Amino acid sequence: MSIVVKNNIHWVGQRDWEVRDFHGTEYKTLRGSSYNSYLIREEKNVLIDTVDHKFSREFVQNLRNEIDLADIDYIVINHAEEDHAGALTELMAQIPDTPIYCTANAIDSINGHHHHPEWNFNVVKTGDTLDIGNGKQLIFVETPMLHWPDSMMTYLTGDAVLFSNDAFGQHYCDEHLFNDEVDQTELFEQCQRYYANILTPFSRLVTPKITEILGFNLPVDMIATSHGVVWRDNPTQIVELYLKWAADYQEDRITIFYDTMSNNTRMMADAIAQGIAETDPRVAVKIFNVARSDKNEILTNVFRSKGMLVGTSTMNNVMMPKIAGLVEEMTGLRFRNKRASAFGSHGWSGGAVDRLSTRLQDAGFEMSLSLKAKWRPDQDALELCREHGREIARQWALAPLPQSTVNTVVKEETSATTTADLGPRMQCSVCQWIYDPAKGEPMQDVAPGTPWSEVPDNFLCPECSLGKDVFDELASEAK
């Protein structure tokens, strides 16, 4: 069944209430989706996009109920991905000579999916127009890498409707088509989820492309997206949100996520969160176990956050696989203006936290001090985790902290013995980690104030796991 969008524009798309996976299994569409196709009937009849390939036959049959297929004069393909152009083969089998208007890159993508180079392709570029009669034109705007190289938008003069492709859309299924008809909380939650998980890597392109489109000085009464609602009520509100999200977006929020084998790393996460909340009660803190949480919700929270803490147990000297996979995905999303800290527990040897810190730094995060615990953290170790959270809260504060938290008393780390009496600091000759007698190494039950001579012989360097024999007196303190 078609829905009138405006005047002679009809929605002829497909709702998909059941879909739960998108882009393979990388995006969870918890509220379904829609594949929006539009039929414009003027002196010339234009079809903008089709639907997902799994609905090809149903789409063509429904379209035949709306219009004699032979009366379709032009097909516009804003994007060649299968959820947009998937029904082309089924449709073109009925009307093989119908002109297809798309970008040059789209021809490559369409042929790659459908293998019909004989189709009547017509390449368009930014500023090109197509007269469709009754004084109306289609104006094409290339939008490469938002989010594919072939992407473009199409603007209809007279009706002032922007067919925006993936931009401004959301994977959200509802019987109502327009933004003012649906649950606003659900809608904007899905808009942000969509941007965070799909468009974040291209944020540097969003602002100049929107500026370019606004530079045409064309009125926009509606934005007709490829997924989700049509924006008819104050359509520029979603444009303003995109400009905000593209500008290195962050809220006063910290996301903590982890994976754990024996709940030790979970205990650390809880204690760190307590320290953050104790020091800065204004900050929102969200905690996720990656094995039990929706990955896209985690990534959306990272997008919203000023920083994140990532925890992992050590398994075979490396991080847990789910954490490794999530870090790889964040590398591709190219988050900006975010801070990060790694933490985790280990047994006889470590390695995961250092590896995780390196990977997070490579992913573009500004790194803060990491934290490790050996075996199951006891009360002293948990207090160190809380203190780590307090320090993170202080370092990452976006505004001066409330005075009551600035003066929080922190447990003294050094004994009454003077630093000089404790002897020199010792440095690992392999990884350069420094043992400070004044601080000790509580994770290995070496109390603050323990001189090197009293450190147990089974002590291991926290960074490289080698023994005491690789340590030398710190050069700057050698006599």
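Heads up, the Cβ atoms here are built off N, Cα and C, so glycines get one too.
Feature annotation from Swiss-Prot assigns Fe cation 1 binding site to His79, Glu81, His147, Asp166; the stated evidence is sequence analysis. If you look up Swiss-Prot, you'll see Asp83, Asp166, His227 marked as Fe cation 2 binding site, on the strength of sequence analysis. Look at Swiss-Prot and you will find 260-264, 342-369 tagged as FMN binding site. Residues or ranges marked as Fe cation 3 binding site in Swiss-Prot: Cys428, Cys431, Cys461, Cys464. Taken from Swiss-Prot, the feature domain 'Flavodoxin-like' applies to 254-393. If you look up Swiss-Prot, you'll see 423-474 marked as domain 'Rubredoxin-like', on the strength of sequence analysis. The region 'Zinc metallo-hydrolase' feature in Swiss-Prot is assigned to 30-210.
Locations of recorded Swiss-Prot features on the structure.
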residue: Glu81; record: Fe cation 1 binding site; CB count, 10 Å: 21
residue: His147; record: Fe cation 1 binding site; CB count, 10 Å: 18
residue: Asp166; record: Fe cation 1 binding site; CB count, 10 Å: 23
residue: His227; record: Fe cation 2 binding site; CB count, 10 Å: 24
residue: Thr260; record: FMN binding site; CB count, 10 Å: 21
residue: Ala342; record: FMN binding site; CB count, 10 Å: 29
residue: Ala352; record: FMN binding site; CB count, 10 Å: 28
residue: Ser357; record: FMN binding site; CB count, 10 Å: 20
residue: Cys428; record: Fe cation 3 binding site; CB count, 10 Å: 19
residue: Cys461; record: Fe cation 3 binding site; CB count, 10 Å: 23
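Within 8 Å of the centroid defined by the CB atoms of His79, Glu81, His147, Asp166, the record's Fe cation 1 site, lie the Cβ atoms of Asn78, His84, Leu146, Trp148, Ser151, Asn165, Ser226, excluding the listed residues themselves. The residues near the Fe cation 2 site, meaning same-chain residues not in Asp83, Asp166, His227 whose C-beta sits within 8 angstroms of the mean position of the site's C-beta atoms, are Ser33, Tyr35, Asn36, His79, Glu81, His84, Asn165, Gly169, His171, Thr225, Ser226, in sequence order. In three-state terms derived from DSSP, Gly347 (FMN binding site) belongs to neither a helical nor a strand segment and is classed as coil. In sequence order, Arg339, Ala340, Ser341, Ala342, Ser357, Leu360, Gln361 make up the list of same-chain residues 6 or more apart from Met367 (FMN binding site) whose Cβ falls under 8 Å from its Cβ. In sequence order, Asp49, Ala85, Ala106, Trp148, Asp150, Ser151, Met152, Asn165, Asp166, Ser226 constitute the residues six or more apart from His79 (Fe cation 1 binding site) in its chain with CB-CB distances below 8 Å. The binding-site residues shown are His147, Cys428, Cys464; of these, the one with its CA atom nearest the CA of Gly347 (FMN binding site) is Cys464. Broken down with DSSP, the domain 'Rubredoxin-like' (423-474) shows 9 helix, 12 strand, 31 coil. Of the recorded residues, Asp362 (FMN binding site) and Cys461 (Fe cation 3 binding site) place their C-alpha atoms 24 Å from one another.
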